[in-house]
Amino acid sequence: MDAIARLIRDIPKAELHLHIEGTLEPELMFEIGRRNGVKLPFESVEAARQAYHFHDLQSFLNIYYAAASVLQTERDFYDLTWAYLQRAAKDNIKHTEIFFDPQTHCDRGIEFDPVIRGIHRALQDGKTQLGISSHLILCFLRHLSPEAAMNTLKQALPYRDWIIAVGLDSSELGHPPRKFKAVFDRARQEGFLTVAHAGEEGPPEYIWEALDLLEVSRIDHGVRCLEDEKLVRRLVAEQIPLTVCPLSNLKLCVFPSMKDHNLKKLLDLGICATINSDDPAYFGGYIVENFQQAATALDLDEHDIETLAKNSFKASFLSENR
Ligand code: ADE
Ligand code: ZN
């Protein structure tokens, strides 16, 4: 192992862009499916992995939502989250801010309570048993209506102490942030911070809307910002973080190869970029693999790795002291 690989493995990291449903490895998917009597659209673990060839965000989301149908009980959400935390500990992740998609579950008859309770209990165990601190971010599915998002926010209010922020994910194109201004306004009034996926497949205008209308603290992905010089100047001046996910961008064909990824340019421009794994069970690697593949393809040096790791804590919702 070379010096960069050791640094990547050992340096303390925060993960800020991680969909808990996207950590469902095929082995666990089949185990949970069996105990809940849910038939999967794949014949076997190997067949599931074979099916993971995507050409854009939607082709991934179709499989991701189908696989999530095995998750039904509090125990399932606990097991899912606990498996991720154990994996995160191996990568020396010290803090994680996890997305969950309640609408993916509630729309098929699962109650909100077991979903959040299972995740929350695992996060508590992650703190006591693995020393990993965490925050939870509730994401609204942007392909569904703003009214549905508002209903989900209302369901979440009794659990507000367990949720630090709300976010926006799912199919980006055709679903601009402005659609969700009212629900984000309400979320901020209720004391939640805000984030949003923007500029993954969508244009720079969606990043402007996320900043100006949803008043987000950081942008998830945001890699298309480089198409707009004025936007880049703003991201640098205000140090608005981008949670970049290199393997996700590669697997969803946002860039044709890792060598074409713009992460190094973002860093060199002074943007507060971070590295994250998005949906690691589907995209071929957890956070260290994302760092490693980006470092190899883009010739990242020790200074770049340290900057990325420092940025991850700076961009987190941890207090200054912590
Ligand atoms: N949900 C899970 N992963 C996502 C991504 N990369 N973009 C949008 N929605 C998602
Ligand atoms: Zn994402």
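In case you wondered, yes, glycine gets a Cβ from its N, Cα and C as well.
Keep in mind that what you see is a predicted model, and the values were worked out from it rather than measured.
Listed in TrEMBL:
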- 12-321: domain 'Adenosine deaminase' (DOMAIN)
- His17, His19, His197, Asp278: Zn(2+) binding site (BINDING)
- Glu200: active site, proton donor (ACT_SITE)
- His221: site 'Important for catalytic activity' (SITE)
- Asp279: substrate binding site (BINDING)
Distance-selected recorded positions near ligand 2 (C-beta under 6 Å), from Glu200, His221, Asp278, Asp279: Asp278
Densest Cβ neighbourhood among Glu200, Asp278, Asp279 (recorded positions), 10 Å radius: Asp278
DSSP-derived class (H/G/I helix, E/B strand, else coil) of His17 (Zn(2+) binding site): strand
Local backbone state of Asp279 (substrate binding site), from DSSP in three classes: coil
Per DSSP, three-state class assigned to the residue listed as 'active site, proton donor': coil
Cβ-centroid neighbourhood (8 Å) of the Zn(2+) site, His17, His19, His197, Asp278 excluded: Leu18, Gly22, Phe99, Asp169, Asp220, His221, Thr243, Cys245, Ser248, Asn276, Asp279
Average pLDDT across the domain 'Adenosine deaminase' (12-321), rounded to a whole number: 98
Densest Cβ neighbourhood among His17, His19, His197, His221 (recorded positions), 10 Å radius: His17
Neighbours of the residue listed as 'substrate binding site' among the recorded positions His17, His19, Glu200 (Cα to Cα, within 10 Å): His17, His19
